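Colleague: Pasting the relevant annotations from TrEMBL:
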type: BINDING; residues: A:G12, A:P13, A:S14, A:G15, A:A16, A:G17, A:K18, A:D19; note: ATP binding site
type: DOMAIN; residues: A:5-183; note: domain 'Guanylate kinase-like'
Number of protein chains: 2
Amino acid sequence: MTNDGLLIVFSGPSGAGKDTVLQKLLESDPNLRLSVSATTRMPRPGEIDGTHYHFLSEASFQELITKDQVLEYAQYCGNFYGTPLAPIQKWNEMGNDVILEIEIQGGAQVMRKRPDCVGIFILPPSLEVLEHRLRKRGTESEEAIQKRLAAAKDEIQKAADYDYVVINDDLADAVQAVAEIIHAEKRKTTRNQDLIERMISPC
Amino acid sequence: MTNDGLLIVFSGPSGAGKDTVLQKLLESDPNLRLSVSATTRMPRPGEIDGTHYHFLSEASFQELITKDQVLEYAQYCGNFYGTPLAPIQKWNEMGNDVILEIEIQGGAQVMRKRPDCVGIFILPPSLEVLEHRLRKRGTESEEAIQKRLAAAKDEIQKAADYDYVVINDDLADAVQAVAEIIHAEKRKTTRNQDLIERMISPC
């Protein structure tokens, strides 16, 4: 199968458990790298440049945009946030798969720009379970929870734009499902044209 | 993920090890069923109706064709060979995945007729290994081996029409690869539209 690295777009509503699935996946798959976003906002205490974000000046961020070196970007509260292309390209060329945890709008931008990417959407078992998980956190007001639930409904509708849906009911099952998707994608004929041609061409 | 059964089209050149992969797969996956071809030729000694083939009269076979109840068919040496649709539909409705081991021309017919099927092409690690495997059988003349190798080259070119390619180098790896493809396919968004809609629709 192909040795080229995949670009994986990973989304899902708040409470679906994206972070936990992703963390387990990174622990179990040494070939997988996590894309780190760039931002022009100031680092908060404890945030490390290159780990939590690539902290850039607005001029540097604008330069990335001009040079088409961001896969997607958006502006929130006067700051830029986006996905730098260079580290993804570098990892992919080295054969590493890169996973990009991203909200729906950003995911849509990436999937338009990189039709070869693999879109995976993490779903909760049901909206009831999602609500239960959000309440269990105990950190948010009733209003905030209701807002998140309404947003989740809108987001889940966008799952149809992704290639795969994985229900995060049992964590180990969800992690295995994502791993299987990655393995299967590497065996897609469209990613292995070279291999087929090399096999039948005279040396 | 979806509970609907998949239809899997399974092809590859002689010597790639399709039969062995398939046998191991059937042993390890209790949800998988093997499609049995129909033919109008007479059973050979030891062949069991419904196991090796569904042995049909020419009138019965013609009736299946007329009623569009064969997924594909062809005529060799005056006999009909084909894939009856009814058992596949029955198994798929019960949630069983059905695998169809078939040569390239038949596979192409099935993939045209059932665009929702999953096409998997088994490849040898190289043409040299394929040649070695064919010779090791020790059952065929040099001429027959050369014919098979030439046919294999033509067939491998058709791998591009399938969804996935699996290299059968290590048997256990190849079996696992096919299993992962089956699992991943069941998580395709296109096969889970109902699930997504049910999740966000009011009860």
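Every residue gets a Cβ built from N, Cα and C, even glycine.
Structural setting of the listed features?
Modeller: Under the DSSP three-state reduction, A:G15 (ATP binding site) is assigned to coil, being neither helix nor strand.
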Colleague: List the residues in the vicinity of the ATP site, defined as same-chain residues other than A:G12, A:P13, A:S14, A:G15, A:A16, A:G17, A:K18, A:D19 with C-beta within 8 angstroms of the site's C-beta centre.
Modeller: A:I122, A:P124, A:N168
Colleague: Looking only at Cβ atoms, how many others are within 10 Å of the one on A:S14 (ATP binding site)?
Modeller: 20
Colleague: If I take every residue in the domain 'Guanylate kinase-like' (A:5-183) and average their pLDDT values, what number comes out?
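Modeller: Averaged over the domain 'Guanylate kinase-like' (A:5-183), the predicted model reaches a pLDDT of 95.
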